[in-house]
Structures are given as structure tokens and as C-alpha cells.
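K.L.:
Handing you this structure, nothing more for now.
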Amino acid sequence: MGGVVKITPKGGAGPQNANYITRRSAAEEGEVAYHNAPEEVEAAETWEEMRIRLRSWAEQVQMEERARHGNRAGQARTHYRVVLSYEEEIEAGAAKEDAKEWLEEEFPKAQAVGIVHQDTDHTHVHVWMSARKLSEKKVHISKQDLKDVHAAFDAIYEQRMQVQSRNADKIEETRQFQRRYAELKAETVSEKELREWAEANRPERATPPGPKVYRERDERRLAQGAAREAENGRTWREAMVKGRMKRKNSRVERLRKDIDRKKEHLEQVKQELEEQKPEHSHERDQRRSARDEPGAGGGAREAESGKRASERANYGEGGRGGEGGDLHGGKRAAVGDERASSERRSGGEEDLGGEEGGRDRNGQSEGSDREQHGAGSSELVGGVSSRFSGGDRGAGSRQGADRGDELDGDGSADRGGGPGGGGSSPGGPLEGGEVEGGEAEEGGDPEGWGSELEMSDRQEMIRNKVDRLARLTGRRTTGQRSQSRKQEIRQVKERLLLDLDDPVYREAAEGKESIPRELVEIADHLRAKDEQKAQIFGKSWNYVAEARRRGKNPVEALRKGWSPGSEAQSEGQAKDQGQDRSQSQSRDRSRGRGGRGR
């Protein structure tokens, strides 16, 4: 049939159409037909710059036309969309020249930009034309103008393709056929006769492209889309594999460093053991056993303590142990114990169920509990504390007892560990620093673990929970916290206890093995960074160890409000009540004898 011209007036979406006709996937870059276009559009140096400026011009035209249209009925016409199509594929440059010639002949004062497309089997040119001329008058296209437009492009097409184009004639024949068909229908001709007339007089049409053409086009587009999808999928899979391999390599490298560090430590320990003399270890064991024996190393102070105990027995206060003092001191100690117990009840949530031990009025329950713990858990809880305090459990307990004799019975004796002793209380904070073998380094950072520690996944989980617990507790006291904050703190504590109660650490918690190196490294690291976090970690481990030593589940014990010192406190209160009753009975008997004598 020849060349085809399609003109469509539009009242909106001009910028979107400009963006569509200039897309790279369809347009031939560089083949642009400018016709009275703005200078900034024609001056674009790159294709992308031309796209942006053309879209900006289309947006400006659309806003101006809508502003001029105002509140009038209908929609403001902003631009025309024109398509000049050929029956076959031709050179893009030839199509551009034909479009420029057609625009200059039919719309000499219009403003337009034409883009050549070669994305189908038929070369075609998309023209974006403003609805307003250079003279600011509207572009109007009548029916006669349409005939002239088609005839003009037919002439250009025939000159280019050297074949006759009957596009304009076909359009006129189609209009005459439609007009006669409407007249016959108005004359009440039967539908059968009307259909027979239409079949006999219908104008010939150009044969549309068959299914094969559309099928080839669809196959080509599907192939292009599948290729892009495959490329994107391959890139994504490669990125996923690279990321996975990177994480695995990082984990392997971290494990390798951990193994090398442990090997180095084992070599150091082995070398130290070889250098030690047999008699040295024998003497050390003797000193340790001497410290553990009750009454050993006390000297004159121990004898003095026994003397004071015998004197206090006359008042029914025997067995106060190393606290010392008289009846008035005992009353002060009882008041102090009541105050301490109330503080433990109010701060139980802060200190994982309370500090272990609990001082009773005669001091005997605490001492026996401390000795039982030292004998049962070996280097379990006290061992952790001793690693960072540089002292021995037995020495710490002995020193605390000796200090009690020197405090004049005011109930303020230390709980079994002085500044130089490690202390066997599982609830005590972690202090100081120690390298394997018992020698403390200056600065308290053995082998630089505190600053440059490569942690395993389990260590990272424990440390993260300690950090979160430190942030939640903060500087506020228990009474200043909201109920939700308290509940969150309790949940984090339970998760931390659950991590520390891992089966890997279970033997150490029950005193059957030494403290794992992982926990020692975490404590060193936390102590070097933040003392508060080190104390939280130490109290948590001590709570787990004491609960396991007493046959309890740490998490369940925390939920039930159990604390290591609660049992000793209840035993002490029972003994106090028994002593009070015995004292009152002895006083009543003495008064009765005195009355009979008088």
C-alpha cells in the first residue's frame, strides 16, 4: 500500500511520550530530525542530554497549555503524536530526511522533533510536535489538511522507494465506502442485503503481516528478555557464591588463628611445667593445704580469736567465728544483717538473684558455706575470680576471717575476700589479671586478649548479651526503671545464663574441670574494656556455678527468685531464733534462782 501516516492529538502525558520515543532499546542514536525545536534541545551534545532536554521541554509545554486552558470544559490539547511508517526496512538516515521534508512541507511553523526507530521489521519515525506554532497560535488539522498530509507523504514515499504509494487514495476510498454503507443502513435495507453489498464493494486493503512476522518478532523479544534475565541471574548467583565463600574463608581464618593461639599457649604451659622443680610444686601444695586447714596460719590472732569466743560463750553467743565483738556488737551486726537482707531483696533483679552467702547473726553459716564451696567446686567460681584477682581461694577466705577479728565486732567484716585475696564467693566481681601459672601482668591484659581478641561465635553471643545488659541497666536504679525495662533486663539475664549453662561449660560449672579458656578470654577482654561489664559477666558465671553446685537449673532458679545467699540466710535466722530462746530461758532461770535466794 505504501507509506502510512498516523496523527493523534493528545491532551496529556507529553513528557512520558517523549521519554518513550527516545529510549535506547528502540531509537537509532544520532538519527534525530529537528524542526523549529528550542535551541537548548538541538544543542545537546549527547543522547542522554537530548533525552533530558526534550522531556523538560515537553513538561514546560504541558504546563503552559493547561494554564492557558484554565477552567474551560474539556482537556487542553498539548501536543500531537505522529508516526511515519514504511512497508519495509530502510536506512535510518533516509527516514530522517523524509521526516524533515514532510514537516517543512506540511507544518512549516510547527515545533517538532522526530526520532527514527528500527526495532521492528518496518522502519518508522516517531514525531513529537507541540500543539502551538512559533507564532503562539494553535496547530489545527482539518479533514482537508489530513488529505494533504497523506498525499504529501505518499509523494515522498514514492520518490524514496521508487514505487507507487496509494495511501491517500485508499483512505478516500474507505471514507466513501463508509458513507454509502451508512446511507444504505438508514434506508432500512435488510441486514443480509447490507452484508452482501459490503462484501462486494469493500475497498482492497494491504495484506497485513502474517503470523510468521509477529511470531519472529515475539521470539526475538523473548530471546532478548531471556538473555537479560539469564545474565542478571548469573550475576546474582555469582555474587551470592562469592559472599558465601568470603564468609566461610573468614570463619576458617578466625578458627585457624584461634587454634594457633591455643597451640602457642599450650607450648608456653608445657615449657613452664618443664622448668618447674619437683620440690617447688611439693612445697606449694603443702602451703595450700596449710592455708585450707582451719586454724593454720592464724598465729597469735587465732589464739586471741579463740579466747574471745570462749568469753562470749558465757553470754550465749559462742560460734560467732571470725567476726568478734560483744553482745552490743552482735546487736549492731543483727541490724546490719537486716539492712543487708532488705537491700538484697530490693536489688535482687540487679545482681542475678542476690549476692551469694548472706551474713547471719553468728557468722557461722557464711563461713561453713564458704568452706563447702571451696571444697566442692575447686576452681569453679572462685577460680574465675582468682584468675583476675591474683590470689588464692583459701588465702582469701582466711584473710577475710582474720580481718573480722580486727574489726571490733561491728558486723562490717569482709565476706571472705580482701583486696589481696581472690575470694570464694561466686557473686563477687572479677578484678585484677593473671596469666596462666598465677603471675599477674602489669596492666591486667594477658597476651593482649583484652584489646585484640578474635572471638568465636559462642564468645560473641555471650559478649553481646553482656553489652546489652550493661546498656539496659545503665545508671538508673531499680526503682527508676519502667516495668517493660525490668522485664527486658530479666529476659536478657535468662539468655545470658542459658549461654553460660551450655553443656560445653557444664563440667566446669560443677567443679569437675577447670574454667574453660573461652570464659577466661571473655573476662579479660571485658575487664580491659569496661569494669561494669566484667562484673556482670563474673556475677552471671558465679550464679550459674553456684546453682549447678546445689543441683539447680540456673534459669529456673532465677525465675523463682532464688539467690545463693537465701538458704544461708534462712539457716542463720533459725539459729538466731534458737539462741534468743536459749538466752531468754537462761535469764528466766537465773532470775528464779535469785528470787528463791532472797
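Every residue number used here counts from 1 along the chain in the order it is shown.
Heads up, the Cβ atoms here are built off N, Cα and C, so glycines get one too.
In case it helps, TrEMBL gives these features for our protein:
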type     : residues : note
COMPBIAS : 213-241  : compositional bias 'Basic and acidic residues'
COMPBIAS : 250-294  : compositional bias 'Basic and acidic residues'
COMPBIAS : 301-311  : compositional bias 'Basic and acidic residues'
COMPBIAS : 323-348  : compositional bias 'Basic and acidic residues'
COMPBIAS : 356-373  : compositional bias 'Basic and acidic residues'
COMPBIAS : 414-431  : compositional bias 'Gly residues'
COMPBIAS : 433-445  : compositional bias 'Acidic residues'
COMPBIAS : 455-470  : compositional bias 'Basic and acidic residues'
COMPBIAS : 471-482  : compositional bias 'Low complexity'
DOMAIN   : 62-159   : domain 'MobA/VirD2-like nuclease'
REGION   : 199-489  : region 'Disordered'
REGION   : 548-598  : region 'Disordered'
K.L.:
Taking helix as H, G and I and strand as E and B in DSSP, count the residues of the domain 'MobA/VirD2-like nuclease' (62-159) in helix, strand and coil.
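P.N.:
DSSP classes over the domain 'MobA/VirD2-like nuclease' (62-159) add up to 40 helix, 22 strand, 36 coil.
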K.L.:
So how many of the residues in the compositional bias 'Low complexity' (471-482) end up helix, strand or coil by DSSP?
P.N.:
6 helix, 0 strand, 6 coil
K.L.:
Looking at the domain 'MobA/VirD2-like nuclease' (62-159) alone, can you tell me the average pLDDT?
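P.N.:
Mean pLDDT for the domain 'MobA/VirD2-like nuclease' (62-159): 90.
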K.L.:
Per DSSP, what is the residue count of the compositional bias 'Basic and acidic residues' (455-470) in each of helix, strand and coil?
P.N.:
14 helix, 0 strand, 2 coil
